[in-house]
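Participant: First the structure, which I've put down as structure tokens, then a few questions once you've had a look.
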Amino acid sequence: MLRAAHRRAVTIQLSSLARHTLQRHVFPRDFLGRVCLSTTHVLASSAELSSYPSMLHPSSLTRSDAQRKTIYALSTPPGKGGVAVTRVSGPEALEVWKRMVRPYKTRSQPTSWKLERCRIVHPDNPDEVIDDGLSVFFQAPKSFTTEPTLELHTHSGRALLATLLGALSKLPFLRPAEPGEFTRRAFLNGRLDLTQVEGLADLIDAETEEQRKIAGRGAWGEVRQVLDELRNRIIHCLAQVEALIDFGEGEDLEDARKEAEVLLARIQSHLTDNRRGEIIRSGIKLAIFGPPNAGKSSLLNFLAQREAAIVTHIPGTTRDVLQLTLDIGGMPVVVADTAGLRKTEDVVEAIGIVKGIDAIKEADVALCVLSLPDILVPNHDSMDPTYAIRLPEAILDLVAVPSTYFVLNKADLLDQDLTSINLAFQQLDDSGPASVHPLLLNDRTWIMSLSKQEGTSQFLEHFGCELRRLFSIDTLTQTQGDGKEISNFHAPIITRARHRVHLESACTFLQAFLEFPPEDVVLAAEELRYASHALGKISGAIDVEDILDAVFRDFCIGK
């Protein structure tokens, strides 16, 4: 039997522990009292209480990761640099400040949202200064995660950061953050919706100006506003229909139908964006193709501004598809250099040609490179020395698409200068002795010499303009009733395949609602509810646990 004093001491500790645990949940005060008393009674009556005092001593308690709600991580890239930011977020962030931050202006509490100079010390040895830096404390809920958050701004050296992170790991109430956990908390706490989370990830990964623009629309909440407006209007329609079902009065069903038609047209307009958002996010697929030894690899090297591909005078040098991601006119472009198109007995080259044709068919834009001297055909029937321009048969099946552009290379091998060649080319038409293939008679053809770098700068400028015309979010237009165009009427809100799937589902449900006769109003209301849920899945308003892990997995640890 335990002595009475010993039993009372253990009882008090257990009662305190039970109450502390249960107060994390929402229970009535009298319920907490009953539970704690019951727990105390059961434990105090046990013959095994002799082992509890040492277990309950604070120095011997070890929290699990689930119990350690405060997380920390380096938020800037590791390695040498001027400044590194280490972030701490959670209920114990203030305790970290008290244990490790020593402001030059002595105070017992931090001044919220103010960057101040301080010494950062080791929590186990306050005399050990880790660095002289800056700190800022964000009081909840005015922080990125809506939780109390501490940021430590230090010098960025490998040894220094290792010491700082090691010191944080010594605090028993902290644990390292998982990838994207700060952003996950911002999402779960309502600071961001799922489109903002995805936009933030894209903003971090953006490598071109156009990617930055479209990612910013998501990260800054513009996409969220569009989706919220659509969803709220669908919910309003649903309320009208349910009022008719429940009370047999209120707005006429026809009003809800008219609103649903407007919403259906609005969502369909977002779906007919030529996949601009998805293409910009992942990169415009550009295939360079043409006959062997026409200058395809030279064009790739010019675009890349480096020797990315081997260039020789031997036809068939390129035997596989070579891909590079480039910035052309602010647009992200994934360039594929393909094998020269010709009939060949070489097995390896033939495989490369097949792969090249597949890349051309999958491309968003194609550049056909031709050797100008090779496609000039002299006209022997004419008294004047005239020429016609003919396309090689090997490429005819691949160029008859709207997104194909032409580069007529090796103009330096002709007797005339580039200006004279361009003037002569502009005077050609698609008939008569001096004729040109009709596909070349437009502003999609450039004459140049890649070896002499003549005409290349004009090509790059004009081709960049063409890419922006085709894919930029700033060039979307919609025609008004008077025939005038409104620029940028609907910038893309679709940047991922799942967005398109859910918008298409919403369209399907709205169409189903419109097809129901008035007597089936109950079933029609369900279609509106499904449409609302489909839009809610894009923003995360409706449960989307199955995709959350995939979204946050791509974030860095400190974000």
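In case you wondered, yes, glycine gets a Cβ from its N, Cα and C as well.
TrEMBL lists these features:
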- 70-191: domain 'GTP-binding protein TrmE N-terminal' (DOMAIN)
- 194-556: domain 'MnmE helical' (DOMAIN)
- 286-377: domain 'G' (DOMAIN)
Participant: Mind checking how the domain 'G' (286-377) divides into helix, strand and coil residues in DSSP?
Facilitator: 29 helix, 27 strand, 36 coil
Participant: Roughly where does the domain 'GTP-binding protein TrmE N-terminal' (70-191) sit in mean pLDDT, to the nearest integer?
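Facilitator: The answer is 95, the mean pLDDT of the model over that range.
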Participant: Would you list the DSSP helix, strand and coil counts for the residues of the domain 'GTP-binding protein TrmE N-terminal' (70-191)?
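Facilitator: Counting residues by DSSP class gives 28 helix, 50 strand, 44 coil.
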